């Protein structure tokens, strides 16, 4: 008798993108930390007082770090895998970590944009100043509602990470639509904030080459706006049970991280120009001259400048 041997199908390889997720979010976290650290070092080493824009950037970076740490821990439970491939028993922990990390990145985005807006307030006048206030307030309202919705879309709240509980939830499509609106609004205002310095500074009487260099440095926030628009593409993963949402988590981390980097570049350029050029630096003039002293600075240390005996400014 001839026995027919039946080949068994090899086990399906379960894709896991946890490695790519961790590499991306930690790279962004470290890069933003380096730029923020250099920004603070440049100020403190020259006895410049820190102001509220620095405080909001620090809070933003701490939120990024918290999110990155949570997502890294979450990869042990299955974050990075397709939802349909995860261990069902670990799904509640995956959901709880994902929501918590998402909440932290929303706070990071709101605070990083607030920081750059505060920086621009110090050099703006007239209607531009009021417009910046509108941007700061509206961004915090829109992103604040987005953060609140994350925890209120289900009742009881625990149903977010434990779907077996009795209760009701908004549909994933509703969440996707509001998050899409949030990303569009956030991206547009990032680009507006990036180009506002051209309106504020263009008529300042300084060397044109230096002026353009300063304006380009202050317009790096446009990249954060681009990331916000790219994030929209990955929002469809919210309502897709076969997705991993890895790209969404990476873009969510990248948006505030890039904003921190962009907000730090003008400060670094100002101090580099001061140290390497014999001319009175244009960006230093723009950033630190003719700006009224803040009434309630974060750090109130003052000193007499070694160059001209004038009081140091933040």
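Going from the start of the chain as shown, residues are counted 1 onward.
Any Cβ shown, glycine's included, is placed from N, Cα and C.
On a predicted model such as this, the values are computed, not experimentally measured, just so you know.
Taken from TrEMBL, the feature transmembrane segment applies to 23-42, 54-71, 91-111, 131-151, 184-202, 214-233, 253-272. Look at TrEMBL and you will find 38-274 tagged as domain 'Rhodopsin'.
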Report yes or no: does the transmembrane segment (54-71) come within contact of the transmembrane segment (214-233), defined as 3 or more CB pairs under 8 Å with a sequence separation of 6 or more?
no
State, in range form, which of 91-111, 131-151, 214-233, 253-272 has the highest count of Cβ pairs under 8 Å to the transmembrane segment (23-42).
253-272
Six or more residues out from either end of the transmembrane segment (253-272), which same-chain residues have a Cβ under 8 Å from its Cβ atoms?
24-25, 28-29, 31-32, 35-36, 38-39, 42-43, 46, 53, 57, 60-61, 63-64, 67-68, 105, 108-109, 111-113, 115-116, 119, 186, 190, 194, 213-214, 217-218, 220-221, 223-224, 227-228, 231, 281, 283-284, 287-288
